[in-house]
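Have a look at the structure below, then the notes.
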């Protein structure tokens, strides 16, 4: 869960989000080193009075500043491609959930069950109970089993939306006429909040997402109660 004046990412609760945090730190270190080197060179150029007459035609320097950026780009691209593959590859999911974006709410369908569907609307501020989050609570939470691979199918009924849950490293565009997929797995139970991340109209800010990750036995009890 995010908190006021937060500078970093939310705590990772999925393997993909952990990989994204490592990649962020890896890339930030490279950017910091490059920025430090550039600032050092600029300070030298501003403070020294000496000039190197052969710098205008130095093959060695040109070779270095051609090869070195290529190596840096490779060091950034390789872990990025690995994470992209992890996010797209879904092997034998234990559960498939289809979510549809509407103006301005979400609907969910558990495709492994015969008739388990519901809509999820934001709870108005006037109806909130003590301790609940303003603009983030919904009337129907998405209950899912933890420590299991879940496939999310994301689409839209009307305009562009985006289904995003930051602490799980999820952000998938909901496009009318197209079915996108992403994988989800939580390493611990809890409530995970998200919102629509694509401006979709006047009530775009009122499309929260709440995932409730629970142990498998509690998920089975919940699904049974929803079907009866």
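Glycine is no exception: its Cβ is also placed from the backbone N, Cα and C atoms.
What Swiss-Prot says about this protein:
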{"type": "TOPO_DOM", "residues": "1-14", "note": "topological domain 'Mitochondrial intermembrane'"}
{"type": "TRANSMEM", "residues": "15-45", "note": "transmembrane segment"}
{"type": "TOPO_DOM", "residues": "46-59", "note": "topological domain 'Mitochondrial matrix'"}
{"type": "TRANSMEM", "residues": "60-87", "note": "transmembrane segment"}
{"type": "TOPO_DOM", "residues": "88-228", "note": "topological domain 'Mitochondrial intermembrane'"}
{"type": "BINDING", "residues": "161, 196, 200, 207", "note": "Cu cation A1 binding site"}
{"type": "BINDING", "residues": "196, 198, 200, 204", "note": "Cu cation A2 binding site"}
{"type": "BINDING", "residues": "198", "note": "Mg(2+) binding site"}
{"type": "MOD_RES", "residues": "218", "note": "phosphotyrosine"}
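Separating the Cα atoms of residue 161 (Cu cation A1 binding site) and residue 198 (Cu cation A2 binding site) is a whole-number distance of 5 Å. Within the same chain, residues at least 6 positions away in sequence whose Cβ sits under 8 Å from that of residue 207 (Cu cation A1 binding site) are 101, 104, 105, 106, 122, 161, 195, 196, 200.
Residue counts for the topological domain 'Mitochondrial intermembrane' (88-228) under DSSP, split into helix (H, G, I), strand (E, B) and coil, are 22 helix, 61 strand, 58 coil. The binding-site residues under consideration are 161, 204. Their Cβ neighbour counts within 10 Å are lowest for 204. Between the recorded positions 196, 198, 200, 218, the minimum number of other C-beta atoms within 10 Å of a residue's C-beta occurs at 218. Within the chain carrying the topological domain 'Mitochondrial intermembrane' (1-14), a Cβ under 8 angstroms from the stretch's Cβ atoms is held by residues 20-21, 24, 166-170, 184-188, 190-193, 213, all 6 or more beyond its ends.
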